Amino acid sequence: MSEAAETLDGWYSLHLFYAVDWATFRLVPEDEREAMINEFKTFINDKASAREQQAGDYALYNITGQKADILLWYLRPEMKELNEIENELNKLRIADFFIQTYSYVSVIELGNYLAGKSDEDPYQNPHVRARLYPELPRTEYICFYPMDKRRNETYNWYMLPMEERKKLMYNHGMIGRQYAGKIKQFITGSVGFDDFEWGVTLFSDDVLQFKKIVYEMRFDETTARYGEFGGFYIGHILKTDDFEHFFAI
């Protein structure tokens, strides 16, 4: 049997994608719409306090295209806290006009393929902790996609020897390093949590960088032979100060 790679796990993660039922929302009297928007804004701002307390974070983006209108991404120390956030959100009046189009449940993950042997507790390493319990960027653009490692009769990632997987992941990682300073990447593990094995969330102020890195990765053996992908979601940052404009109808 092949050796399983160890992982380091951080905050639990929930990506929520919603379409807005604009046709029905338009029928709501203006004063009621305004009250709903303010209630939603209060909800977002209340949950944002976790960032200052270093007990989680969030991202809010307006998704481009017909897959969704809004992405809310929450990170929390406990999975049950994500349930509480989602339940509270669903009970807001404005949620009656939100149609959930997709969601993704996972946990911030660092692969341990390239880690050397050490007696150090990695969870006490400041660099590691900053990646497991991150403060999310507030860049102009976001990209999210789920992915699997292929396992079929011809190419099965999980049957490769550990040393070969280490080599492939090293080469894969070297491509990503070329985008340091241009893209901030977060990998979340979802084996046993959702329909894919990982979620990939990218942040950048230049949306074209998403296309460049994904295209370049296509020529990497790890991706070309063993990568399988779900849908891609691209969005522009949505600030609570812009809610009035966003929800104006």
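Note that Cβ sites are derived from N, Cα and C of the backbone, with glycine treated the same way.
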For the Fe-coproporphyrin III site that Swiss-Prot describes with Y145, P146, M147, D148, K149, H172, Q185, which of these is also annotated: R129, R131?
R131
The one of K149, H172 whose CB sees the fewest other CB atoms within 10 Å, among these binding-site residues:
H172
Find the longest CA to CA distance in the recorded Fe-coproporphyrin III-binding set R131, Y145, P146, M147, D148, K149, H172, Q185; express it in Å as a whole number.
22
Across all the protein chains here, work out how many other Cβ atoms are within 10 Å of the Cβ of M147 (Fe-coproporphyrin III binding site).
18
